[in-house]
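Reading through the C-alpha cells given below for one structure.
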C-alpha cells in the first residue's frame, strides 16, 4: 500500500518513528481520562465521593491532559513537517529532471502540464505525507488499543455489538476513494490545459491585442475554466457524499451502545460509570474510522499525482554522459565528419553529409535560406541531440567521449530565440558568469554596443526587464543575449542570427568590437546577413541541409553562386537604406 512512497518514508524515517512513539503516549493519556471520569461517576452514584478521592481523580485527569498536549505537539510537528518536506523534495527533483531533459522531452510535454506537475501535484503528495499518514496511524494503532481497553474495562459483548456498524465506513470510503482517484486525475489534467491556455495568452498578449482577439481568447479560457470547475465539482461531490454517510453510522453505534449498555446496567453486569467511560471510548473510536476514510481519500489523490510525477521521474534522459567520459580541458579542433541528422519526430534528414573542420581561433560562417538547417547545425555543437549518422570530433575524439558539462562550459551560445528572464539587465547578462565584476559587466555591454541604450534607462543595468523582456525592444533583447555570452569569454562562441533586429550602424559597431575581442578564439556564426561573416576564415552555404558552397568571401565571389547573388543584393539594399537615412 505504501511501497511507492518508501523512498520518502525512508528519508523521513527518524521523524516518523518519533511521531509514532509520541502518538502511542498520546493514545495512552487520552484513554486514561474516560476511565477516571467513570470512576468519579461511580463514586457519585454510590455516594462514596470524598474530597481526597476527588482530588486524586481530578489530579490524574489534569496531569494526563497536560501530558497529552505535550506529546501531541511533538507528534504533530514531526508528522506535519513531512508535508512541507515532501513538497520540497518532489519539486526539487522535478526541477532537476526538467533541467536534464533534451528538447524532445519538451516537445512531448506541454508547459502547462509540466507546471501543474511541479505545483499542484506536490501539494497532493504533501497532504498525504502529513494529514494522510496521521490518519493512517490514527486508524490502525488507535482503534485496536481502544477496543482492547473497552473489552477489559467494560464488557466484551457491548464492545462487539457497538463496533459492528463501523467497518461499513471503511467499505464506503474505499468505494468512494476508487472513484475519487479517477475524478482527481481528470481534474489535474484539466488544470494542465488551463495552465497551457493561460501561458499561451500571456506570452502572446501583444498579438491578441493587435488582432482584437480578446473575446476569442476569453471564450477559450472560459471553456477551460468551466471544464476545470466541472471536474473539481465532481471531486467535491464525491467528498461531500462521504460526510452524510458517516452520521447515520455514528448514530447507529451510539444507539446500540446505549440500548445494550442500559440493559447491562439493569442486570448488574456493568455500572453507570463504566457505561459513561464506554461512551467516551466509543466517541474516541469514531474518529479512527473516519480517519481511515480520509486516509483512503487523500491517498487516492496522492496516487493520481504520483502517477503524473512518475511520468517525469521515469522518463529516460536522451542525452547522458558515458561512464568513461572525460572533461574537455582546452579549446579543441572541431570536425564534423559525414554528419547527417533528423529530428526524432521526423522521417527526413534536416542535415545531410556535413563535413568541415574548425581549428582553434578560427571563425566559421554559416549561411542559407530560412529552413536550410542553420539552427539545427549549431545545436549539434551543444549536443542537444545525439548524432546517429556521422561524427562530431573534438581533438579527434568523439563529442560523446567528453562530459556534457565540460563541453558546454567551453561554449557561449546566443540562440535565435533569445530568452530574457524577469530580472534586471545586469542579472540577465551575468547569468553565465555570476562572479563577474561591474567592470566586466560594463565591458560586455560595450562590446554588444548596448551602452548607448543603457544610458537612456533611469536605473541603467539595474532596470527590470519584465516577463520575457517585455519592456525591451527586439534589438535590445538580442544585445543583452549577446552580452550574456560575451561576459563568459568562452573558447567557442556560437551565434545564431543574433543581430537580425539591430540596425546597420549598431551591427558595424558590434562587428568591430567582435574582431578585436574574439581574435584568437573560435567563433561559429549563423546569419542571413553576409556582412556578419564576410571576414570569416571559412563560409559554408546550406541548402536543404546540404553544403552547396564553401570557401572564403573572395573565393565564393568567384563562383557565381547563391552567395555572390545574395551579397550583391544585400549591398544594394544596404546602400539604399543608408541613402534613405541621410
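A Cβ is built for glycine as well, from the same backbone N, Cα and C atoms used for every other residue.
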*Which residue range, 15-33, 34-52, is the one TrEMBL calls transmembrane segment?*
15-33
*Candidate ranges 278-298, 299-319, 320-340 [criterion: TrEMBL lists as transmembrane segment]*: 278-298
*asked:* Can you identify, from 54-75, 76-97, the stretch that TrEMBL calls transmembrane segment?
replied: 54-75
*asked:* Counting CB pairs under 8 Å, which listed stretch among 15-33, 54-75, 278-298 touches the transmembrane segment (141-172) the most?
replied: 278-298
